[in-house]
Ligand code: MET
Ligand SMILES: [Zn+2]
């Protein structure tokens, strides 16, 4: 083993999509058959080289292992899966003669093929990134496949860079995995740790042989509470890392990272395991206690890699405060390196690109490139003393100073309103009282709703025409009046289609929304949007989170501002006798999918957003909209990783939803919509939202969520999705009937709604029309069966296609 010291400044990862989304374009061209494999590989290699050059320009060392070689083409967990040769059994036919998956095969795992769905996509910790879940069974093969990792190291060396390869560490990789379908009941992927570790050891040896002095193993799962008991987890960590660091010829030195939180007692385990460097997320509070600091002073103790610059948000760091913190660690006799708290792939590349942003706001921000410079500054300050970086410290302090004082950051009227909110204002009448008021209500001239009402989740297909009209309006080629006319016509088309299909509760289709959060950010004070601020969501998919920098209220005069969804939704209602459901994005989701101010508690920010939405809800009601849906697909996403922190989060998030929705009359029906996640663990919070009706993604999991809701005694209106809208596949009427029957086995008929899993904006009209026809027909059949006095009893069908 070599003993090259750990670099004094580093980052744990960098955006990989490219400043101009070069990787996205290269991937999508390749998948569409518009470019060759060679062209894709060349584009990816060019991007790696450009990244190294940029990082060195920003002050990281070219030769000291400070540059992470972390360039997954699709996902870092998938790359670790392929490097381990862990081919899931349902993809076994794709393995080559050597047992490995080549690039094309790995894309099948990521994207599926005609015969099989892809690996499951799930949220990466408390972020909006999604990783591909490994599927592990008792017999899943493990074989070191270091070729791609080694090629990256060698190519970098040829270009003059000594880089640090990155893998998901063995414990986290197994904790992130799920048991494959063939695994026996009770099988836990962690049971395979002992077989997995030698494969990691082999990968490490190969990387060392290729010239890597340091390898980074990411163990973020150690900062989240797991189902595994603490002692078993500590044992797993100990076994894995003492084995990987056991004296062995030709291994690289190991950095273990623990982003997104604190490893808690596992800090002891890791620090004593023999690893050479341990990364802690100081931003998320993983600041070692005096007793823990002693662990870093032992002989053979690891270097403390201090994640001092926030990789997960966009605010310029308090450099002086951070430097003082680092100096304190150093004074305790600990060897300290400076790093980002998480990989920088959660933030966009470079704030200098945002030339349209107010320069004052821009001066408060720090994207990936600025963060690298902050790290380099801190590291210089630590080595040479604060005077050596006095200019940088002062500039950072000044930016933070203007931020604290700037108009709009604190708006007295908004604050006063939030402060004076009483509990009475955020509660509605008891659910049964509301239910009676809503039951049999003629929401419109068309009369009361039938049993098992049919509806959709809000958006209709965003066709090329809709996108192009929006682009032309943005570019000034279509004037405001022309664009408005276009949108009104589009809404009319969507309303007529729903009438023709026979849906009971209509929607306006959301054609005016580029994105369900950004559209709201554009109409609320306190938000800014970016032009190039793309962040990877999964694979080649990127989102452009808005920046919530100030106090929030609707744009326009006064603290209430002006309604911005009413013109569209009201227009839809004016066209039809059937009820139109108004659609809003909820406060938690707006926060989760934006970069949020860090100068006050999230709950406070959520409350302001909620008040702005409460105004919109009131205006919709006043405009005659009797059903209003407030979407919270991200409710589960912000759930803290530690159980002890969860109740406080659920408190403020549920409260924010109620602030937004409780200002209406009893007979106004409030809906919410949840998707994307396992909601089983937050069922009581869903109940706490106090919505009259909840639609929830359920088709893919074959209504599993209903078991949780039933167990929790959930008795409100519920619309479990009966059409998985994530692929163009059209479900048959019979298939939907089966799901409806299954749902009726769990919930009373008078609470059940029939709807798809989620919005239809990514779908085409052909499959939308066909699927909704089947959905409406299935609802009719179910109604007839419910009404038939002597008809065959509805049966829950078992063994329908899984
Ligand atoms: C990700 S949830 C989406 C809800 C939104 N109303 C839509 O239909 O698109
Ligand atoms: Zn959804």
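Using N, Cα and C of the backbone, Cβ positions are placed for all residues, glycine too.
The domain 'Cobalamin-independent methionine synthase MetE N-terminal' annotation in TrEMBL covers 9-331.
When DSSP labels each residue, the region 'Disordered' (422-462) comes out as 12 helix, 3 strand, 26 coil, counted as helix, strand and coil in that order. As annotated by TrEMBL, region 'Disordered' applies to 422-462.
Residues annotated as L-methionine binding site in TrEMBL: 457, 458, 459, 510, 631. According to DSSP, residue 631 (L-methionine binding site) is assigned to a strand segment. Around residue 631 (L-methionine binding site), a 10 Å sphere centred on its CB holds 25 further CB atoms from the protein chains shown.
In sequence order, 674, 675, 676, 705, 721, 757, 758 are the residues near residue 697 (Zn(2+) binding site), counting only same-chain partners six or more apart with C-beta under 8 A. Positions annotated as Zn(2+) binding site by TrEMBL: 673, 675, 697, 758.
With a 10 A radius on its CB, residue 726 (active site, proton donor) counts 16 other CB atoms from all the protein chains. According to DSSP, residue 726 (active site, proton donor) sits in a coil region rather than a helix or strand. According to TrEMBL, the feature active site, proton donor maps to 726.
In this structure, the C-alpha atom of residue 673 (Zn(2+) binding site) lies 16 angstrom from that of residue 726 (active site, proton donor). Here the binding-site residues are 457, 675, and the one with the most other Cβ atoms within 10 Å of its Cβ is 457. Reduced to three states, the DSSP call for residue 673 (Zn(2+) binding site) is strand. The binding-site residues examined here are 459, 758; by Cβ neighbour count within 10 Å, the least packed of them is 459. Here L-methionine is bound by 457, 458, 459, 510, 631 per the record. The longest Cα to Cα distance in that group is 13 Å.
Checked against ligand 2, the recorded positions 458, 726, 758 give 758 as the ones with a Cβ under 6 Å from it, listed in sequence order.
Cα-Cα distance from residue 457 (L-methionine binding site) to residue 726 (active site, proton donor): 13 Å (rounded to the nearest whole number). Within 8 A of the CB centroid of the L-methionine site residues 457, 458, 459, 510, 631, the other residues of that chain are 456, 507, 516, 583, 629, 673, 758, 759, 761. Across the structure, residue 726 (active site, proton donor) and residue 510 (L-methionine binding site) place their CA atoms 18 angstrom apart.
The record gives 673, 675, 697, 758 for Zn(2+). Within 8 Å of the mean position of their Cβ atoms, the other Cβ atoms in that chain belong to 457, 633, 674, 676, 695, 696, 721, 757, 759.
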